[in-house]
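For reference, the structure discussed in these notes is given below.
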Amino acid sequence: MTPLAMTAVNPVMLDEPTIRISEIFGPTIQGEGALIGKPTVFLRTGGCDYRCSWCDTLHAVDSAHRHEWLPMTPQAIMMQIEVLTGGKPLTVSLSGGNPAIQPLACLIELGQKRGFDFALETQGSLAKDWFAELSVLTLSPKPPSSGMTTDWQRLAECVDAAGRKTRTVMKIVIFNDEDYAYARDVAGRHPNLPLYLQPGNHTPPPSRDDNASIDLDGIMSRMRWLIDKVTSDRWFEATVLPQLHTLIWGNLRGV
Ligand SMILES: C[S@@+](CC[C@H](N)C(=O)[O-])C[C@H]1O[C@@H](n2cnc3c(N)ncnc32)[C@H](O)[C@@H]1O
Ligand SMILES: Nc1nc2[nH]cc(C(=O)O)c2c(=O)[nH]1
Ligand code: SF4
Ligand SMILES: [Mg+2]
């Protein structure tokens with residue numbers, strides 16, 4: 001590095017790895033899983049190691065959108081979140097893409113100092129030691145309809161990394177009988193973790209159209225089918241929940 005280039009580097013920035021951000025929005029309500037209905041701000045990171053056939057957030061996955069993902073420091077992110085909340089702390093929901101591929105430890109530490117706590121959603125393909133600093137870790141391993149294959153060892157590593165202090169739950173999207181059997185398999189492998197079943201949205205938005213219409217009747221009939229399965233199987237440990245934000249706002253982005 002030339003002396004000139006060295007002087008151009010801000011020493012504060014050297015301590016703070018940047019995080020690739022697709023969008024920051026809220027406050028809204030958490031629409032899924034363990035914290036459903038709770039006010040939250042979403043921080044959506046850009047980039048994913050998976051390509052689920054029915055992914056509803058392609059704008060944070062498809063590399064065609066890479067130019068929209070901005071590298072941001074933890075300081076800049078917290079400033080933006082505090083503007084959105086009026087400075088009042090709440091639970092920040094970290095999603096993506098796969099947020100586990102981003103360096104989030106510094107952000108979590110900084111946010112906690114300011115009174116915020118952090119929940120994170122990931123498919124469970126990559127374990128990080130900072131999972132232990134989360135208030136809630138939602139692991140959403142992908143069923144056969146996604147076209148992805150679960151690495152069970154990696155999933156177990158995520159559970160272990162979160163440890164006992166973090167509240168860890170499973171959330172599985174269900175489209176069909178095969179997916180349902182997969183969810184039973186996950187429950188058998190992790191019998192002590194709460195498990196949420198979420199009916200799949202079979203009309204997710206194409207990556208460039210966040211206003212694409214949605215088949216609400218179709219989602220509701222999948223919800224009824226799923227409830228019938230769970231109750232007739234006497235699977236009383238499971239919790240069945242829709243994507244509340246999808247029922248309210250359809251495929252609209254940023255809510
Ligand atoms: C968009 S993902 C981002 C976080 C992470 N990559 C993951 O999959 O867990 C957030 C949640 O949305 C769920 N999801 C994605 N597409 C969906 C769809 N078409 N219908 C229902 N849930 C969906 C995922 O399974 C996951 O639980
Ligand atoms: N309101 C709301 N709830 C959500 N829960 C999970 C979401 C996600 O896309 O990760 C999501 C989202 O995008 N909006
Ligand atoms: S893992 Fe999550 S973000 Fe990645 S493609 Fe699948 S649903 Fe989309
Ligand atoms: Mg979503």
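Here the Cβ of each residue, glycine as well, is placed from N, Cα and C on the backbone.
What TrEMBL lists as substrate binding site is Ile29, Gln30, Gly31, Arg44, Ser95. Here TrEMBL flags 35-251 as domain 'Radical SAM core'. Here TrEMBL flags Cys48, Cys52, Cys55 as [4Fe-4S] cluster binding site. Here TrEMBL flags Trp54, Cys55, Asp56, Gly97, Ser140, Pro141, Lys142 as S-adenosyl-L-methionine binding site. What TrEMBL lists as Mg(2+) binding site is Thr57.
Overlay of TrEMBL annotations on the structure.
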residue : record                               : contacts (Cβ under 8 Å, 6+ apart)
Gln30   : substrate binding site               : Ile36, Gly37, Lys38, Pro39, Thr40, Thr91, Ser93, Ala119
Gly31   : substrate binding site               : Gln243, Leu244, His245, Thr246, Ile248
Arg44   : substrate binding site               : Ile21, Ser22, Glu23, Ile24, Phe25, Thr57, Ala60, Ser95, Gly96, Gly97
Cys48   : [4Fe-4S] cluster binding site        : Cys55, Ala60, Val61, Gly96, Gly97, Asn98, Ile101
Cys52   : [4Fe-4S] cluster binding site        : Lys142, Ser146, Gly147, Met148
Ser140  : S-adenosyl-L-methionine binding site : Glu121, Thr122, Gln123, Gly124, Met170, Lys171, Ile172, Val173
Pro141  : S-adenosyl-L-methionine binding site : Gln123, Gly124, Thr150, Leu155, Met170, Ile172, Val186
Message: Counting other Cβ atoms within 10 Å of each residue's Cβ, which of the binding-site residues Ile29, Cys55 comes out lowest?
response: Ile29
Length of the line joining the Cα atoms of Ile29 (substrate binding site) and Asp56 (S-adenosyl-L-methionine binding site), in Å: 17
Message: With Cβ-Cβ distance below 8 Å and at least 6 positions apart along the chain, what are the contacts of Asp56 (S-adenosyl-L-methionine binding site)? List them in sequence order.
response: Asn201, Pro204, Pro205, Thr246, Asn251
Neighbourhood of ligand 1 - binding-site residues from Ile29, Gln30, Gly31, Pro141 with Cβ under 6 Å: none
Query: Do any of the binding-site residues Gln30, Cys52, Trp54, Cys55, Ser95 touch ligand 2, in the sense that the CB is under 6 Å from one of its atoms?
result: Gln30, Ser95
Query: Quick one: which of the binding-site residues (Gln30, Cys52, Cys55, Ser95, Gly97, Pro141) have their CB closer than 6 Å to ligand 3?
result: Cys52, Cys55, Gly97
Distance-selected binding-site residues near ligand 4 (C-beta under 6 Å), from Cys52, Asp56, Thr57: Asp56, Thr57
Task: Pop the mean pLDDT for the domain 'Radical SAM core' (35-251) in here, whole number is fine.
output: 97
- prompt: For Trp54 (S-adenosyl-L-methionine binding site), which residues of its chain lie six or more apart in sequence with Cβ-Cβ distance below 8 Å?
  reply: Ser145, Ser146, Val173, Phe175, Gly200, Asn201, His202, Pro204
Query: Around the [4Fe-4S] cluster site (Cys48, Cys52, Cys55), what further same-chain residues have their C-beta within 8 angstroms of the site's C-beta centre?
result: Tyr50, Arg51, Thr57, Leu58, Val61, Gly97, Gln123, Ser146
